[in-house]
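What Swiss-Prot says about this protein:
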- 1-18: signal peptide (SIGNAL)
- 62-86: region 'Disordered' (REGION)
- 67-79: compositional bias 'Basic and acidic residues' (COMPBIAS)
- N131: N-linked glycosylation site (CARBOHYD)
- C152-C217: disulfide bond (DISULFID)
- C195-C246: disulfide bond (DISULFID)
- C205-C248: disulfide bond (DISULFID)
Amino acid sequence: MSILFYVIFLAYLRGIQGNNMDQRSLPEDSLNSLIIKLIQADILKNKLSKQMVDLKENYQSTLPKAEAPREPEQGEPAKSEFQPVTAMDTELLRQQRRYSSPRVLLSDSTPLEPPPLYLMEDYVGSPVAANRTSRRKRYAEHKSHRGEYSLCDSESLWVTDKSSAIDIRGHQVTVLGEIKSGNSPVKQYFYETRCKEARPVKNGCRGIDDKHWNSQCKTSQTYVRALTSENNKLVGWRWIRIDTSCVCALSRKIGRT
């Protein structure tokens, strides 16, 4: 296409020169030489362009081909959001802010006090924190109104040796005890609340009419996020059940209205 354009342009230029009687026409050899040079330049340009394309294709062919994402076949488990145990890193620990619960603590030392949200509970602490715990108990008793009693007696404590739990799917999972993070490993601690006894009084819960009702104190559970592994393979944050309160369960006695 470029060669044809050059020929047409030169023919047009020569026609203009022929009409101009005041100027001498170019010699025939000079015009032919100009046409040959233009054709050679165009051929060289096309040749260089083709060489550049070949080089680009050869370079791309040497690069490793990226594999397209493979769809899981029928019966094959989908990709899990949990990581293998060998691949666990600090990213899981960074997610604690998003999954944090006041009842779950990651620390390199055993906690001596209850979480700030649960200072008013009957905390069972270690002897080191006995004085501070007793002060908080006196403060809680001072704030309560005289003559008020709980239906059930409960106690709260930091569980330091939790090894297994039931997750939200009903599967038993392993609770990670020690987690390697940098130079100092951290452990998981769970602040749990449970009933001291099923029957604080002879016939059941305190203050319940035992003529018409059967009553019993039962420990209630709720879900919190914790670092766990399933089948000792996949590590991640899962919802697990822990003891969080003590409630009074009632049932009407048969034959009573």
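Placement of Cβ uses the backbone N, Cα and C atoms for every residue, glycine included.
Keep in mind the model is a prediction, meaning the values are calculated, not measured.
Here the features listed in Swiss-Prot are painted onto the structure.
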residue: C152; record: disulfide bond; Cβ neighbours (10 Å): 24
residue: C195; record: disulfide bond; Cβ neighbours (10 Å): 21
residue: C205; record: disulfide bond; Cβ neighbours (10 Å): 25
residue: C217; record: disulfide bond; Cβ neighbours (10 Å): 24
residue: C246; record: disulfide bond; Cβ neighbours (10 Å): 24
residue: C248; record: disulfide bond; Cβ neighbours (10 Å): 19
Should C152 (disulfide bond) be counted as helix, strand, or coil on the basis of DSSP? coil
Should any of the disulfide-bonded residues C152, C205, C217 have a Cα within 10 Å of the Cα of C195 (disulfide bond), which are they? C152, C217
C217 (disulfide bond) versus C248 (disulfide bond) - Cα distance in angstrom: 4
Checking the disulfide-bonded residues C152, C217, C246 against C205 (disulfide bond) with a 10 Å Cα-Cα cut-off, in sequence order, leaves C152, C217
What is the interatomic distance between the Cα atoms of C217 (disulfide bond) and C246 (disulfide bond), given in whole Å? 7
Report, in whole Å, the straight Cα-to-Cα distance of C152 (disulfide bond) from C246 (disulfide bond). 7
Three states by DSSP: which one describes C246 (disulfide bond)? strand
